[in-house]
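> My questions will all concern the structure given below.
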Amino acid sequence: MDDFISISLLSLAMLVGCYVAGIIPLAVNFSEDRLKLVTVLGAGLLCGTALAVIVPEGVHALYEDILEDPEAARSSNSKITTTLGLVVHAAADGVALGAAASTSQTSVQLIVFVAIMLHKAPAAFGLVSFLMHAGLERNRIRKHLLVFALAAPVMSMVTYLGLSKSSKEALSEVNATGVAMLFSAGTFLYVATVHVLPEVGGIGHSHKLDATGGRGLSRLEVAALVLGCLIPLILSVGHQH
């Protein structure tokens, strides 16, 4: 019962924190140039959180002494949407938290929760800013944000409640928490580099130049991208395993 209350509170905190972070870009009126700058910053946050927060946490959960090189998985289908990619990522986060809760170790639960929250907020911010840049209606953006915010809490509860004792032991043996977090890091990098950056840089998935000539990113936008990558690194300084 204590574990159930714990996972319920953590899931609720994830839902509220993620939705509030995503609402921020909607609450401010941006000009077209400023919106593009914010979108680039969001892409930087996605890359930074994947490389500085999620990957280290996932690797640490898998290995303590020896690091092995995992095989890189390639997808032949590039038609996946940004929202779907991040929802899949959020679902993986939920599995990670649900698996951590099943261990009945409070310290493990808190470490995974902190790691997830460090990148859930930037992910929500990046998703909403990209959808705004793409010209989606605000009501539809809120629906996309709600689906994204619900994915991790729902999956964490489903994972926790749906596992039998033997299944929990099996997940512990294969380090399900670490695997799920590394999978979510991959979806972050995919969305940021395949969807967001090509879109704001003026080059779509067809790799043809748009009306702006496909000029790429300006110096200010590159600076925003770098800043977005550095913010998660700075926030994670001092976070000990």
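Placed from the backbone N, Cα and C atoms, the Cβ positions cover glycine too.
Features from Swiss-Prot:
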type     : residues : note
CARBOHYD : ASN29    : N-linked glycosylation site
CARBOHYD : ASN175   : N-linked glycosylation site
TRANSMEM : 4-24     : transmembrane segment
TRANSMEM : 35-55    : transmembrane segment
TRANSMEM : 80-100   : transmembrane segment
TRANSMEM : 110-130  : transmembrane segment
TRANSMEM : 144-164  : transmembrane segment
TRANSMEM : 178-198  : transmembrane segment
TRANSMEM : 220-240  : transmembrane segment
> Taking 10 A as the limit, how many CB atoms besides its own sit near the CB of ASN29 (N-linked glycosylation site)?
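Around the Cβ of ASN29 (N-linked glycosylation site), 7 other Cβ atoms lie within 10 Å.
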> According to DSSP, does ASN29 (N-linked glycosylation site) sit in a helix, a strand, or coil?
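For ASN29 (N-linked glycosylation site) - judged by DSSP and reduced to three states - the answer is coil.
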